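Copied over from TrEMBL, here are the features:
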COMPBIAS  1-14  compositional bias 'Basic and acidic residues'
COMPBIAS  24-36  compositional bias 'Acidic residues'
DOMAIN    74-504  domain 'Major facilitator superfamily (MFS) profile'
REGION    1-36  region 'Disordered'
TRANSMEM  69-92  transmembrane segment
TRANSMEM  112-132  transmembrane segment
TRANSMEM  139-163  transmembrane segment
TRANSMEM  169-186  transmembrane segment
TRANSMEM  198-221  transmembrane segment
TRANSMEM  227-248  transmembrane segment
TRANSMEM  316-340  transmembrane segment
TRANSMEM  352-375  transmembrane segment
TRANSMEM  382-402  transmembrane segment
TRANSMEM  414-437  transmembrane segment
TRANSMEM  449-468  transmembrane segment
TRANSMEM  480-499  transmembrane segment
Amino acid sequence: MESRESIAGRKSEADELTIQNDVVETELQDEKDTEEMEMDRELQKLEEQLKASGKKPFLAARIVPKPSVFVWFLAAFASIGGQLFGLDQSLISGAELYIPSDLHIDSSRMSMITGFMALGAVFGALCVYPVNELLGRKYAVIVACLLYTTGAILEAAAGSFGVLLSGRLILGTGIGVETGTIPPYISENCAKKWRGGLVSLYQVNINLGLLFGYITAAIFVDVSGNWRWMLGSSLLFSTILLIAMLFLPESTRWLMRKGKKVDSYLVWKHVRGLETFEEKQEFFRMETLVLEELEASKTRWILLDFIRRPRCRRAVVYAVLLQLVVQQFSGINSVLYYMAPLMERTGLSPQNAVYTSLIGGGTVFLSTIPAIYFMDRLGRRPVLLTLIPGVSVGLFIIGFSFKATNVKVEEGIYIWGVVVYEFFWGSCLGPTPWVVASEVYPTYLRSTGVGINAFVAYLGTFTTTYAFTDMLDAMTPTGTFVGLYNGVVIFGGIYLLFFMPETKNLTLEEMDQLFERPTKEIVRENWENTKQVWRDLLHFRFREVWKLS
């Protein structure tokens, strides 16, 4: 039996340890209080400078004064840009059934009209960096709206192949600029706990645009000049986005980079708030990192950092492979752009093909909504790796539907495959690449990095739409969907299993620490986590696999 002295000694050690912990906690709290007092003094100076400058809050802040509500207001309206991209994909799908006979063009020229929007978007993506650096995020989106509006007018009024193709290229340029601008604009203006969900709103709006496009095509399918009404209807959405952007602020980080600290403070105060210690700390950390990066960029050509700095190189390789290979070559553009023609190929009439396309559009929209919730609660990695097998299953069903000998059976299996494919694609491969692109790059390279992602995204779109009809002839529909697209999805899933890091709940500045780690360290950690996941699954510990936070 233990002696009283031994028990008393252990109790004394425990009491001493508790006292030491209390002392450490007190010291940490004192340091936190001191830091907060210093930050409050600096914020008071900024408030005095703001009053002296006479600057007023931007218009939207007067309408929605509460920061926790305003950030959703900002993301909701800025994300309308996603609808412009989604609209084009579904509108051209219905319009291309009628354009050839009206303008007397062959299938080769029709492929150019379908695919060259993406070529224009490739050029627009190349313009993302200079336009963002020169004008800022807000006015880059406004420029994109003006380009989109001009292109849509030319499309609707086109009397020849040349005019229609020019409209497609101009419209595509606008889409390329806004795609490379809106995700970082939202990301830079929201807190880390909401970033994944708010940036996912952009993909939700792409899919909402898809649905609106199919609905619009169905509305005008029996109207004289139907394809002109279809393509011209997109003007409504570009006008809404243009008006909304006039009321919204500039990005806080872009303003800080341009030396406009007071303006950055004004926007942060209304968009993010400065009530808590964490909000204040993130504002000043953002300032420190932005200024450090800006100073470093003066001594070298910063674009070479994508090759020279391991941290930047890891980020761009990961983001580009996820965007170009896994997302774009999963076959989504071929399915969306050619939804109605593929439906017609299974035996439906042109009108019924347009109506049936609503099923796919509705599925991909509804499937994206849960991503807003799960992207920040479960994390990017669990969402993607859990749902990507469903994308593969959908591609198998679509590919083998063309082997059916009965037309009705072929139609039914094809629609089933589209629903399965678009449900899982919309939940994981739709939003995740854009969320990743908006958060993995350092501030001074974010415009360029997201521009690169937009560039490769539209390069993939162009490749898989312009050459799609030739791919069907060369490889057959089954070979295209099962052999090519599904093969890419399977190998892409294996790549992500080993190389995809988790970025949930990290500030944009904390991303630097993550990507400074060697790749082999990330792979080793992912492999250990994967083994643990399988052990949890085998023992039915599902809550350990999918942890909500």
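A Cβ is built for glycine as well, from the same backbone N, Cα and C atoms used for every other residue.
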Sequence-remote partners of the transmembrane segment (480-499) [C-beta within less than 8 Å, at least six residues beyond its ends]: 318, 321-322, 325-326, 329-331, 334, 381, 384-385, 388-389, 391-392, 395-396, 398-400, 468, 471-472, 519, 522-523, 526-527, 530
Annotated stretches the transmembrane segment (352-375) and the transmembrane segment (139-163) touching (3 or more Cβ pairs under 8 Å): no
Highest-contact recorded stretch vs the transmembrane segment (316-340), from 112-132, 169-186, 227-248, 414-437, CB pairs under 8 Å: 414-437
Other parts of the chain folded back onto the transmembrane segment (414-437), taken as Cβ under 8 Å at six or more residues beyond its ends: 183, 195-196, 199-200, 202-204, 206-207, 318-319, 322-323, 326-327, 330-332, 335, 339, 342-343, 346, 356, 359-360, 363-368, 370-371, 375, 380, 383-384, 386-391, 393-399, 401-402, 449-450, 453, 457, 503
Positions on the same chain near the transmembrane segment (169-186), where near means CB under 8 A and six or more residues out: 74-75, 78-79, 81-82, 84-85, 88, 116-128, 131-132, 137-138, 140-141, 143-152, 154-155, 198-199, 201-202, 238, 251, 434-435, 437-438, 446-447, 450-451, 453-455, 457-458
Contact check, the transmembrane segment (198-221) vs the transmembrane segment (112-132), 3+ Cβ pairs under 8 Å, seq sep 6+: no
